[in-house]
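These features come from Swiss-Prot:
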type     : residues                             : note
BINDING  : 11, 69, 138, 142, 143, 144, 204, 226 : GTP binding site
BINDING  : 69                                   : Mg(2+) binding site
COMPBIAS : 429-447                              : compositional bias 'Acidic residues'
REGION   : 419-447                              : region 'Disordered'
C-alpha cells in the first residue's frame, strides 16, 4: 500500500492536524478508541494509507506530533481523538520557540530534532511502500516554521525520492499574531522552495472571509477555520484512500501541477462550503460544484486568481457522478475563462473522480490551482520583511541564536526571485519563446 506519513508541528500545525484526524477517522468509520465501527468495506480497503493496524485490531494513525512546548500537545491528548495516537509519537520540549524562527531551526528545535527523526524513522519502517510525507505547520511562528523546515530538510536528506507535501499557513495580510511574522515566513519560504515538492498555501484571513461571507458565521473561531482546512486536506488525499474512476497520488498530482520545479505553491479551494453542524440540505449538481470551486472568493489564501493566470490546476470530485459531465464542466470553465489560463500549456486542468463522498455530503470537490497570482502573497510578506530588515528591527533576537544577517539577505532575494519567476510566466505567451531561451541560458550561468 502507498502509505503517507503525517507530521504536525507547532501550535497551529497540531490544531489543524488534530482536526484532520477527526475528519479522516469519520470517513473511515474509526471511532475515538481506534476501533472500526463503519458500515462499508470500502472504508477498510485502503485504510493503511493513513493507519497502522495494531495486533489488537485497533487502527493507529501514522502521525508524528511535535512541538517545543507541552501546551498544545496536552490539549490534543485530552481532545476527542487524543487516545487514538501512539503515545511515543508525541515529541515535545519544554522551552518553547517564542515565535523565533532561529530557536526552532538552530537552537531549541535542533536539540529535539533527533528525537523526532527517530519516531519518523520508526513509522517509515512500518510502511510497506512509503509514498511520502505530509507536514502541517504555520510559517509565522517559531516551531512550525523553524523546526518544521528543519525537519523537512532532514527528511529530504534521508528520503530524497519520497514526496514532500506541506500544508503551510501563511501570515495574514491584516490579522497579525506577532510582529516578526514576515521574518519567520520569509526564512521558511526560502527553505520550502528548495526542499518541499508541493505546498498547499493557506491563510487565516482568507479562511475568515470564507467563514464570514459564505458560511455567514459572525464570529468564526479557529475551530471553524480548521474545519475548512481539514475538509481540503481530506479531499486532496481521498483518491489514495478510496477507489475511484480516475485516481491520483501525490506524485501524479505533482507531475500534473508543477511545470517548473520552484513553482510548487498551490492555492486550494473546496466546495460545497458548509458551516460546521449545518450540512447542506439540497443536493448539489456538478455544474454548481464546479462554479463554486473556481470562485475566487473560495480560495483559501489571500491571493486573487483573477490577478494572474493559472499555469495548471487539478480538481478532485467526490461522490457518485458522471465522469463525462465532470470533463464537460471542466472544459467549459477553461473555454469561458481562457484568458485566465496560460495558452502555452494546453489541457492544463486535470480532474480526478473518487466514488466516496465526505461524511454527510452527497458530492464534494477539492480544487488545487497553480496560479501566478500566488506571488501576491510572497510580495506582501516580502514588503513587510524589507520594511523591518532595512532598519534591522528585531534582528538581535535572531543573531542572538547564532544566525547571520547574510541568511536574511539570501532568504529575501530567493523570495523576490520566486515572485519574478511567477511574473515572467504570467506575461509569457505561446510565441515569444525565442527570448526565453536566451533568458534561461543566462539564468543557468547565474546559478
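Each position is counted from 1, following the chain as shown.
Cβ atoms are placed via backbone N, Cα and C, with glycine included.
Distribution of Swiss-Prot features across the structure.
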| residue | record | Cβ contacts under 8 Å, 6 or more apart |
| --- | --- | --- |
| 11 | GTP binding site | 67, 71, 72, 138, 141, 143, 144 |
| 69 | GTP binding site | 92, 93, 94, 95, 96, 97, 143 |
| 142 | GTP binding site | 10, 68, 96, 97, 98, 99, 100, 101, 103, 104, 184 |
| 204 | GTP binding site | 169, 172, 175, 225 |
| 226 | GTP binding site | 15, 16, 19 |
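By the criterion of other Cβ atoms within 10 Å of the residue's own Cβ, the least surrounded of the binding-site residues 138, 143 is 138. DSSP classifies residue 138 (GTP binding site) as strand under the three-state reduction.
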